[in-house]
Amino acid sequence: MKALFVLLLAQLCSASLVPEREKDPEYWRRQAQETLRNALRLQRLNQNVAKNLILFLGDGMGVSTVTAARILKGQLHGQGEESLLEMDKFPFVALAKTYNTNAQVPDSAGTATAYLCGVKANEGTLGVSAGVTRDRCNTTKGQEVTSILRWAKEAGKAVGIVTTTRVTHATPSAAYAHSANRDWYSDGEMPPDALEGGCKDIARQLVENIPDIEVILGGGRKYMYPRNVSDVEYPHEEKQRGTRLDGRNLVQAWREAKPRGKVAEYVWHRRALLALNLTRVDFLLGE
């Protein structure tokens, strides 16, 4: 038993040592470009430039999960394993694998950084290279990596984030945030040394990093409001109250950051969303 424990400890220690080349974002981008070139050489494909791109992601949606969903659908409809999911009918299907640089089983922060920024990172870190150590604010500066959302904005595209989880959750926030810890939703969840080191919480980065995201829809409203401010929908539930220590109302800050003459609308329930005249809305935030 002792020998097994020592072996496991040695494996964990070796896993935490990330090779220097893997801390360089270009290392991963060169690999990605070569993989694409190899794939294109295999067959003649449509290589036209897409006008628009919508990326759908099922968090934790690996091959085994998709297989289980397909079997369940078949059982519910009397088809067994012969059933097909809608995506099984697509003309082109590909597989992608990813992992954390210091872990074989990745978390949502590392995978989001990989598929949105094209760079693999350490477990629990978000929108940064593998040069950042989890919880270490002072390792973040200069290690930020850019996402496909920012690239699209720089190309003049309209962009949006729509999620069934918190907009500050690891999966969507890699599109706009850079953090040494995926759980730093507001400054109320950050340790004193990270605040003193100048690191920003994820909700604040949502408002400040890319202030012209056209559409943001999801949950996590409490991270946008000062501590103990009652929630508009659940005013009597303590766990839904605001968590911010800096006293800022980030919904108000989001509005104020918009250019003069642009219409920015905030909604928190379905009725208000459906009542909007979207032809007259430039920016939309819903939580």
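Glycine is no exception: its Cβ is also placed from the backbone N, Cα and C atoms.
Copied from TrEMBL, the annotated features are:
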type	residues	note
ACT_SITE	S108	active site, phosphoserine intermediate
BINDING	D59	Zn(2+) binding site
BINDING	D59, H169, T171	Mg(2+) binding site
SIGNAL	1-15	signal peptide
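With the fewest other C-beta atoms within 10 Å around its C-beta, S108 stands out among the recorded positions S108, T171. Surrounding the centroid of the Cβ atoms of D59, H169, T171, where the record places Mg(2+), the chain contributes additional residues within 8 Å, namely L57, S108, A112, T163, T165, A170, P172.
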